[in-house]
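Novice: Take a look at this one; I'll ask things after.
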Amino acid sequence: MGATSPRGNDGGTRGGDGASTSGGRGRMWITTASGALAGATARVCVAPLDVIKIRLQVQVESGAAGKYRGLVQATQTIIREEGARAMWAGTIPALFLWVPYTAIQFTVLSKFKDAATEFERRHPGSMQSVPVSFLGGAIAGSAATVATYPFDVIRTLLASQGHPKVYNTILDAARGVVRERGVAKGLFAGVSVTLAEIVPASAVQFGSYATLKAQFPAMFEGNDFACGFAAGSIARLVVHPLDVVKKRFQVAGFSRSLAYGQRVDAEAYRTFFSAVRTIATREGLVGFYKGLGPSLIKSAPASAITFSVFEAAHRALSANFPTDTTDVTENTKKTQNVVSTYTKKK
């Protein structure tokens, strides 16, 4: 994701994946590979913060009554009781989640931008009032979420279980969840809440990234890390309450050790509204923002790393694997932005 896409010599808007719309199909693998690498890099870097965030989010108790009472105290407690490796608990399923998730997200977004570009070419002016970056981000996030959701459930269970472990491996967790709750209510527990979260999250993240690039070029032009950091922070503030509800759905009825606090009652989390009512009644407004600190610390750099690695990988692959000779000069100068094809029109 870089600056807004320049125009081709024919005056038409170029697609967001580094080539003109007509050559977009040949370059799609570069977008997919760049997205996969970006997702894997970000996930490994921020895994410890994700573990802490999950532990705080699924903790029913608040304040001094809770086992975990903040970022520093939670880190110290986990390392003391479970060892440093526990800070990366659930990383393998998280990679199975985030590598395809990010690859799918960037690929679908690029395809959507290509379609929007082609529609604009055929019907000039028809897309000027359409928030393409926000809408594309929402569609891309939804597609990636549904395709990878079971790994999100397994990641949450492995990261939150503590010791003694209920599940030892990904397959062990998958079998246990299916056996106890079935496929739909187990591996896809909370998927509707997740879609309600991911649509605005993806829309805000990708839309904010494109808008910041377009509106504040002096600050963010050429600084993918800073722009990604800002976009990630904005998105997290908007959707964090939904993330808490989702995590509760994912661990509802999970029989982890009582040393980690009350278990999440499955009966109280049967529907979205019952979950919201339960959290509001028992924990108050603060319950919806449990884990916000580590979540912000995690999400902003994760977004920054994702965008930065994607940009760097896309530039490198585009320069070394041009689809035709006319792309070589263009790609060595600048990778086209997958996000901001139309933001300059706003």
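Glycine too: its Cβ is placed from the backbone N, Cα and C atoms.
Reproduced below are the annotations present in TrEMBL:
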type: COMPBIAS; residues: 9-25; note: compositional bias 'Gly residues'
type: REGION; residues: 1-25; note: region 'Disordered'
type: REPEAT; residues: 26-115; note: repeat 'Solcar'
type: REPEAT; residues: 128-215; note: repeat 'Solcar'
type: REPEAT; residues: 223-316; note: repeat 'Solcar'
Novice: Could you give me three numbers for the repeat 'Solcar' (128-215), the DSSP helix, strand and coil residue counts?
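Specialist: Counting residues by DSSP class gives 72 helix, 0 strand, 16 coil.
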Novice: From the DSSP assignment alone, can you count helix, strand and coil residues within the repeat 'Solcar' (223-316)?
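Specialist: Once the DSSP states are binned, the repeat 'Solcar' (223-316) shows 77 helix, 0 strand, 17 coil.
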Novice: Using DSSP, tally how many residues of the repeat 'Solcar' (26-115) sit in helix, strand and coil.
Specialist: 77 helix, 0 strand, 13 coil
Novice: Quick one: average pLDDT across the repeat 'Solcar' (128-215), no decimals.
Specialist: 82
